[in-house]
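One structure, pasted below without further comment.
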Amino acid sequence: MAKIQAPVQRGQVVHVTAADLTHEGKGVAKVDGYPLFIEGMLPDEAGEVEVTKLNKGYGFAQLKKLEQASPERVDPPCPVYDECGGCQVQHLSYNGQMDMKYNQVRGVIDRIAKLPDVPVHPVLGMDEPWRYRNKAQVPVGLSGGRIVAGFYKKRSHDIIDMTECLIQHEESDAIIQRVKDVCAANGVMPYDEQRHKGVLRHVMARIGYQTGEKMAVLITRTSELPNAKEIIDGIRAAVPGITSIVQNVNPDKTNVIFGPTTKTLYGEDVIYDTIGGVKFAISARSFYQVNPVQTEVLYNKALQYAGLTGEETVIDAYCGIGTISLFLAQKAKQVYGVEIVPQAIEDARQNAELNGITNAYFEAGKAEEVIPNWYKQGIKPDVIVVDPPRKGCDEALLATILKMKPKKVVYVSCNPGTLARDLRILEDGGYRTREVQPVDMFPQTVHVEAVAVLELM
Ligand code: SAH
């Protein structure tokens, strides 16, 4: 199809009605067939917009005056919603968010996977879609002579002070505020990114939802923390019940948050949490699912799809710290997990031991290299679970799955587009997609998670 020439000019104000919502949460309105993407506009809304950017085939505009609001529009409860950008769809009702996420999955299953007859179930959402995150990490800086901690203003490195974040656990908000206050009271200078001076760069808070354990992490430029004793005592007094205070040192001029050295200043090196009866030790650096309530919903779906009876051999590709592997090991004969980050594999092994799980084997490496080796060694999985990063499964891994021919593939995905692409490849190789279940792991944001089950024909 030929790309449509822009019928509008930059700076022009036009009256439009939005018809659609992109996967980034922007409204889409067409002017003589030419699509404009408009932040903050919802389907069925009409108003005046100013054209800000023109590309071949599509452009961007800014909402100037909303004349007709969608019945799904709500007042975003967060006072810094517009400046922050961490959430993208707080102005859309939760039902509206569920519809948007459903449509996105349905759309790619139809268009990219070409599977219009495969059932996509309604999104499994949260009863209470707020305060769900167990990990907060915020940059610290100086603004107007004051120590501030919050978030980078959209498309900038200016730090906006923040007292609460409505998708974080209340305790995380409290930890960040108290650490900020205690550090300010004890003369700890916030990090100055421009001059690469100062001490405190980031504060991180982690909460065990099931255990109530709390960790504060101070990420500093210098390994010396001035007045360390006063700071530790101050945080312990201000955050009753805190179980762990950790310092991570990052001396480099970088956007990367964590540095190479971590030391425990008070209490434990880790906090514990449980998902579906499996206990996990979480260190400052560990990867761990951020929405523990919905993680359990997702894993239960994956478990149901795997249909385990206790006799099966299961491979968990892209296993992280082994959360899915250990969850499934309770119902399988043997589980093999593979993950590219060696530290995560160490965590997985420790977590297996912590739970007395002896039928889970973990190996560090690329899934697309380790699994073919397992195949050569004669390992024959009944079920392969994959949970790849956004770019989806490596082609070599998909080819190996087609060679190994497990009865079932359970595909957990954080990107519907690559899920649909990979389902098509597996379908062409002889699998049939039975159903797809989207799960809302990240309410108020545009992220969509889904799990699909395929069977060998
Ligand atoms: N299943 C885990 C984590 C999934 S996130 C959980 O539910 O918690 C995806 C994981 O894939 C990350 O841990 C990432 O480090 C890992 N990864 C990325 N590329 C990989 C590859 N080529 N081979 C194996 N693991 C990979």
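Placement of Cβ uses the backbone N, Cα and C atoms for every residue, glycine included.
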Taking TYR266, TYR272, TYR318, TYR361 as the options, which does TrEMBL list with GLN289, GLU339, ASP387 at the S-adenosyl-L-methionine site?
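Given GLN289, GLU339, ASP387 bind S-adenosyl-L-methionine in TrEMBL, the matching entry from TYR266, TYR272, TYR318, TYR361 is TYR318.
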Measuring Cα to Cα, how many angstrom lie between ASP387 (S-adenosyl-L-methionine binding site) and CYS414 (active site, nucleophile)?
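Per the Cα atoms, ASP387 (S-adenosyl-L-methionine binding site) and CYS414 (active site, nucleophile) stand 8 Å apart.
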Minimum Cβ neighbour count within 10 Å among the binding-site residues GLU339, ASP387: which residue?
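It is ASP387 that, of the binding-site residues GLU339, ASP387, has the fewest other Cβ atoms within 10 Å.
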Between TYR318 (S-adenosyl-L-methionine binding site) and CYS414 (active site, nucleophile), how far is it from one CA atom to the other, in Å?
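If we compare the Cα positions of TYR318 (S-adenosyl-L-methionine binding site) and CYS414 (active site, nucleophile), the gap is 12 Å.
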Using DSSP, how many residues in the domain 'TRAM' (7-65) fall into helix, strand and coil?
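When I sort the residues of the domain 'TRAM' (7-65) into the three classes, I find 0 helix, 36 strand, 23 coil.
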What three-state class does DSSP give CYS414 (active site, nucleophile)?
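In three-state terms, CYS414 (active site, nucleophile) counts as coil.
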Please work out the number of neighbouring Cβ atoms within 10 Å of the Cβ of TYR318 (S-adenosyl-L-methionine binding site), leaving out its own Cβ.
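Taking all protein chains shown, TYR318 (S-adenosyl-L-methionine binding site) has 20 Cβ neighbours within 10 Å.
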At a 10 Å cut-off from the C-beta of GLN289 (S-adenosyl-L-methionine binding site), count the other C-beta atoms across all protein chains.
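Cβ-Cβ neighbours of GLN289 (S-adenosyl-L-methionine binding site) within 10 Å number 21.
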For CYS414 (active site, nucleophile), what is the tally of other C-beta atoms lying within 10 angstroms of its C-beta?
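Other Cβ atoms within 10 Å of CYS414 (active site, nucleophile): 17.
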